[in-house]
Amino acid sequence: MHLVIVSGLSGSGKTTALHVLEDVGFNCIDNLPVSLLPALVAQIEIHKDQAQKFAIGIDVRNAWQDLSLFPKMVSTLKEAHLPFHTIYLDSHPSVLIQRFSETRRKHPLSDKSTSLEEAIALEQNLLEPIRDAADQTIDTSHLNLHELRDLVKDRVVGRTEATMAILFESFGFKHGTPVNADLVFDARCLPNPHWKPHLRPQTGLDADVVEFLEEQVTVQEMYADIEHYLTRWLPRYQANNRSYITIAIGCTGGQHRSVYLSERLKKHFDQYYQDVQVRHRDIHKHQKHHNHAPANS
């Protein structure tokens, strides 16, 4: 039996997260009053020997007095020795405002006397006890719908299977550092295929770029150092009950060097861990700017 509590700001993706969990076999209950959590836990405890999975959505539609009780409810769950964890979905206020504008939905706390900005600020304050007690916080500011679905699935499914999910994510520093990264490695000091005209339009997935980078001594030295570091410390993360870890590898544009390193690391650690993923966040962004600026990568 496993219990996941999902909370977060309105517009941050809580409903999407619950739908993902429902798709992978969780029994989902949305907008559960916090005051009813002990009663639900008691029922779950009766059937805790059964292989069931539950996901509960808790949000600002609760009375504010109930939300303040959440830390006490977490203590109750721990005392019952139930396997559970809490996910909190967050997002920057400007992104939330844009999402509400695009969907034309009304914020649950906004009214004639409360602006959208004020409603978001009030919600942040009301949900603070849940955010502080959460095991995982996911910032969805820069995630689209599909990326959020994949991230929730990777992290929750990996945790319920008692494994540590590992994500290698390549990116370009010029596009910003991934907000959910646990470890960040900087590959901008390595020889850059961008300055080879025939390699410029290619990526770290292409054979010519791979061949070029494998011929560079410094590239191989950095790869060996990262591999050694992760080999040494990933078991410690796993022993500390981590359900996931995101390892970001960055170069300037996220097209060549970071892609190559991420792919190679993924291939190596696939041999030792059950759930290893790779994601290339910015690999195609250079195509949009290729004719306008020298987007180094």
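Using N, Cα and C of the backbone, Cβ positions are placed for all residues, glycine too.
The ATP binding site feature in Swiss-Prot is assigned to G8, L9, S10, G11, S12, G13, K14, T15; the stated evidence is sequence analysis. Annotation note: S12 (ATP binding site) sits in a coil segment as assigned by DSSP.
Listed in sequence order, the residues of the same chain lying 6 or more apart from V60 (GTP binding site) and placing their CB within less than 8 Å of its CB are S10, L67, P108, L109, E123, L126, L127. The annotation GTP binding site is assigned in Swiss-Prot to D59, V60, R61, N62.
Neighbour counts of Cβ atoms within 10 Å were compared for the binding-site residues K14, R61, and the top value is held by K14. Counting other CB atoms no more than 10 Å from each candidate's CB, the binding-site residues T15, N62 peak at N62.
Within 8 Å of the centroid defined by the CB atoms of D59, V60, R61, N62, the record's GTP site, lie the Cβ atoms of N31, I58, L67, P108, L126, L127, excluding the listed residues themselves. If you check the binding-site residues D59, R61, N62 against G11 (ATP binding site), none has a Cα inside 10 Å of its Cα.
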